[in-house]
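*Asks:* What follows is a structure written as structure tokens; I'll ask about it next.
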Ligand SMILES: *[C@@H]1O[C@H](CO)[C@@H](O)[C@H](O)[C@H]1NC(C)=O
Ligand SMILES: *[C@@H]1O[C@H](CO)[C@@H](O)[C@H](O)[C@H]1NC(C)=O
Ligand SMILES: *[C@@H]1O[C@H](CO)[C@@H](O)[C@H](O)[C@H]1NC(C)=O
Ligand SMILES: *[C@@H]1O[C@H](CO)[C@@H](O)[C@H](O)[C@H]1NC(C)=O
Ligand SMILES: [Fe+2]
């Protein structure tokens, strides 16, 4: 209950963050609670930009239907959560927390995913766009190819739905790179982990084009990884627009 209240209060502060949710906010009848409304971020490229590696059909469905559904469900759950706080319904608050975590996770993950992809013909997909990150990758895995092999093996090792991420862990002398995978609704990456890039291994990310050819999807994804945004995230130059959401849901 305290947690839910904290969630509610920290969501209030979201209204100060431009671009995080749409301008319309509603005050509930008897309270001060505002209703955050997240909106689907536009893709920074056309649906067919990742062809032939990821088809336009997949990109359109994945973005306009799957990502949108996480946002729609998140907004609905936040509205119901605010109502449950108003009515002191702790049972309802507890069950909504799970729904909020799942859908906030989907919104955060997909928002990152779109930005860590780019057209194979764009200069961003040449790993020379990430000089510092590649140096660290070489120091950690030996060379870029060995890193890709390790990351691909981790992706293919995920049973069922999940994500694979390259993350920067810790800070100062202890800072290092790591490959992590998560399944289904496992908690989102730890607070000391900064995602550099991630790969969606849910079937909806590849099935229409690759069917059960998961390995081909994983092989081809390397052609469309945006190394420029990876370098920026590695350098800590990116302020995560959904950080407040993340901090409020995973306290
Ligand atoms: C909810 O609980 C708070 C404090 O515990 C109380 O002040 C408030 O009147 C309650 N609201 C309702 C609708 O029961
Ligand atoms: C709390 O909310 C749940 C789900 O919305 C509802 O079924 C239940 O009756 C509510 N409990 C109270 C005490 O209002
Ligand atoms: C979002 O990513 C986290 C971290 O990898 C993962 O645990 C969670 O299952 C993902 N959620 C969705 C809905 O994809
Ligand atoms: C990637 O960039 C490097 C350095 O700018 C260049 O030598 C190389 O040819 C590029 N590779 C591709 C596939 O374009
Ligand atoms: Fe997805």
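Cβ from N, Cα, C; glycine included.
As listed in TrEMBL for this protein:
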{"type": "SIGNAL", "residues": "1-22", "note": "signal peptide"}
{"type": "DOMAIN", "residues": "37-117", "note": "domain 'Manganese/iron superoxide dismutase N-terminal'"}
{"type": "BINDING", "residues": "62, 110, 200, 204", "note": "Mn(2+) binding site"}
{"type": "DOMAIN", "residues": "132-233", "note": "domain 'Manganese/iron superoxide dismutase C-terminal'"}
*Asks:* Excluding 62, 110, 200, 204 themselves, which residues in that chain have a Cβ inside 8 Å of the centre of the Cβ atoms defining the Mn(2+) site?
*Replies:* 63, 66, 67, 113, 202, 205
*Asks:* So for residue 110 (Mn(2+) binding site), how many other CB atoms are inside 10 Å of its CB?
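*Replies:* So the number of other Cβ atoms within 10 Å of residue 110 (Mn(2+) binding site) is 22.
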*Asks:* Just counting, how many other CB atoms are there within 10 A of the CB of residue 200 (Mn(2+) binding site)?
*Replies:* 23
*Asks:* Limited to the domain 'Manganese/iron superoxide dismutase N-terminal' (37-117), I'd like the whole-number average of pLDDT.
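*Replies:* Across the domain 'Manganese/iron superoxide dismutase N-terminal' (37-117), the average pLDDT comes out at 96.
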*Asks:* For the domain 'Manganese/iron superoxide dismutase C-terminal' (132-233), jot down how many residues DSSP puts in helix, in strand and in coil.
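*Replies:* So the domain 'Manganese/iron superoxide dismutase C-terminal' (132-233) is made up of 51 helix, 25 strand, 26 coil.
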*Asks:* Residue 204 (Mn(2+) binding site) has how many other Cβ neighbours within 10 Å of its own Cβ?
*Replies:* 14
*Asks:* Which binding-site residues from the list 62, 110, 200, 204 come close to ligand 3, meaning a Cβ under 6 Å from one of its atoms?
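*Replies:* What lies within reach of ligand 3, judged by Cβ under 6 Å, is none of the binding-site residues.
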*Asks:* Are there any residues in the same chain, six or more apart in sequence, whose C-beta is under 8 angstroms from the C-beta of residue 62 (Mn(2+) binding site), and if so which?
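*Replies:* Spatial neighbours, sequence-distant, of residue 62 (Mn(2+) binding site): 110, 200, 204, 205.
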*Asks:* Taking helix as H, G and I and strand as E and B in DSSP, count the residues of the domain 'Manganese/iron superoxide dismutase N-terminal' (37-117) in helix, strand and coil.
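*Replies:* Within the domain 'Manganese/iron superoxide dismutase N-terminal' (37-117) the tally stands at 57 helix, 2 strand, 22 coil.
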